[in-house]
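Enquirer: For reference, the structure I am asking about is given below.
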Amino acid sequence: MSVEKKMAQEPCCSKLKMFLAAMCFVYFAKAFQGSYMKSSITQIERRFDIPSSLIGLIDGSFEVGNLLVIAFVSYFGAKLHRPRLIGAGCLIMAMGSFITAAPHFFQGLYKYETTVSHFSASNGTESILPCLTNGSLAQDEIPTVEIQAECEKAASSSLWLYVFLGNMLRGVGETPVMPLGLSYLDDFSREENTALYMALIQTVGIMGPMFGFMLGSFCAKLYVDIGAVDLDTISINHKDSRWVGAWWLGFLLTGGVMLLAGIPFWFLPKSLPKQGETESEKKFNEGEQDCFIPDNNKHSNAPDKPAPVTMAALAKDFLPSLKKLFSNQIYLLLVCTAFVQVNGFIGMITFKPKFMEQIYGQSASKAIFFIGIMNLPAVALGIVTGGFIMKKFKLNVLGATKICIGTSLLAFFTMLIQYFLQCDNTQVPGLTLSYQGVPQVSYQQNTLISPCNMGCSCSLKHWDPICASNGLTYASPCLAGCQSSTGDGKNMVFHNCTCVGDSPFPYANMSAVLGQCPRKSDCDYMFKVYMAVTVIGAFLSACGATPGYIILLRSINPELKSLALGIYTLIVRTLGGIPPPVYFGAFIDRTCLKWGTKQCGGRGACRIYDSGAFRNAFLGLIYGLYSLSYILWGVVYIRLSHREKKLALKNQLKAPEQDGNGVSAGNGNASSAIVKCGENADQETTI
């Protein structure tokens, strides 16, 4: 019976297709949840006044949760009820989202650092002198240890631990989804359909980040205490580096979606019949895979009716299975390649919104929005394209490797172009240029003092930027030497700013308004080119996603598939997911020009970076990691190519053993499997 007839006889709503639909939805839900977490990194950093290195540790707690349980879930879960384990994982992920949002309901109202409230005018009339008032606040005094401890307790500054624990719990819950879900699908679907099904799951899954980043963009525009404060009294907007959006709101929504995603898995069976496969076809389908599995990794002669599975028997077989898995050199190389590439990817995606903010002057909400509507659709299209190419040309493992290497190298070239798409630093006297207009970068606070503001006794700790009529951004009204102000809230205007009059670009009115000055017009053009390049790079990189999974699945024993995927995920997420946000954040912190000040004193979140140093640190780390991954890909390709040549040579030596018609004796399907495998009649050589 032909494949087409068998497919036609399959019910349109078979349990395998129901499982496929459920997997698509859960991939969407977990990607929706995870991408929202990524999009909220900046808001969480500002809300809890923590540095980038610490926010990187919080972001890495997801992988810590995976690390705790993934090896056991992947091995023992493969012998148990896989769909129900996935359903339980969804429930845990939903709980993690709700716990992440919990600190908002225990914290007081957000108090951003500002000096404006001390000299705001009433009824729109001219107020007292900002210059002298700021100096009288004595804000640079160092509080005692007792006062500091009491203040931090009142401010609930340690509540970020709930975000850490909630994110870690999400990692625990996500553990069974990938290894158990993909192995379940691969076990019961046709081999030629596996690549297409995986591409479909990943394509639907990529819609999750699109919605997650758009939700993050929307929430970033809403004030954190929306509904609890009068927004007219807030003197900052969503473009300000002190602004905190309603980060907690999205976690409640993503938790609810995850609860719904887990429901179908409780009603699916433990196992299914293989999709339209006969016994003879089973031997044919095992042909290619056996070529890339070491001899000591291959099937054992298990009885048709195995004995009931016990936990003691599973535990006893765990270490031998692990030893057998790690004897597969191709598998080990793929793991090493993946965790190096994931290091670069995780570091890039975690701090990409901040990169767009600091280099191109985009607001946090706008940066997140562009990632959601431009980069992620390109990724979805790339995943579909990779799966289509695999199915259309029926590529073997070596062909899939060529696709992975080729697309990845092309994507790397687009990243190299990004280095040259730069904008100048924000012009801030005392930080990125002198008060006389000479470009210079200073990490020292004392450079903020100039003869034009020396008589004001200004605080050097606070960041309360104003945009002067000369186009320069000053760190505070006091440091601009402003003598008076009119209006209140967002409409406040400062007048008679002595530093504005002394600048190389003096204006008669010497006035300023709240907020940073916009970047130069050519920076907007540079940002458009940058987005176009990143979209092309995202598409090319995603084209290798499905072929990469196929290489992994075809290089391991089916009996070890769930364990192999679990260990793969464990290593990649441990070494590739936990360290990058921390060391990327630490390198980025070194480029900070002006740190904010916490409510209780001490260093808070960074307000402005040296864009040139930021770009060098951020892109330099990515370039180094991806370059190392290409070396490893080259080793993988050489090993696979050498294996294929060796099999072809053995086939030529065995040619005289064929009969007169050129067909080996034995079962026809078995012969077909050998031909498909590269005419491999002797599989004693290991990879």
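Each Cβ is built from the backbone N, Cα and C atoms, and glycine gets one as well.
Automatic, uncurated: that is what TrEMBL annotation is.
Sequence annotations record features per position, and here TrEMBL assigns domain 'Major facilitator superfamily (MFS) profile' to 19-645. Annotation comment: TrEMBL describes 55-78, 85-106, 195-224, 245-267, 330-351, 367-389, 395-421, 529-552, 617-640 as transmembrane segment. The feature domain 'Kazal-like' is assigned by TrEMBL to 446-501.
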Enquirer: I need to check the long-range neighbours of the transmembrane segment (195-224): which residues 6 or more away from its ends have a CB within less than 8 Å of a CB in the stretch?
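Expert: 20, 23-25, 27-36, 38-40, 42-43, 47, 104, 110, 182, 185, 189, 231, 234, 238, 243-250, 253-254, 363-366, 368-369, 371-373, 376-377, 379-380, 383-384, 386-388, 390-391, 545-546, 549-550.
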Enquirer: Per DSSP, what is the residue tally for the domain 'Kazal-like' (446-501) in helix, strand and coil?
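Expert: DSSP classes over the domain 'Kazal-like' (446-501) add up to 13 helix, 11 strand, 32 coil.
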Enquirer: With Cβ-Cβ distances below 8 Å as the criterion, list the same-chain residues six or more beyond the ends of the transmembrane segment (245-267) that contact it, or say none.
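Expert: Result: 18, 21-22, 25-26, 28-30, 32-33, 36-37, 39-40, 43-44, 47, 83-84, 86-91, 93-98, 100-101, 103-105, 166, 212, 215-216, 219-224, 226, 238, 364-365.
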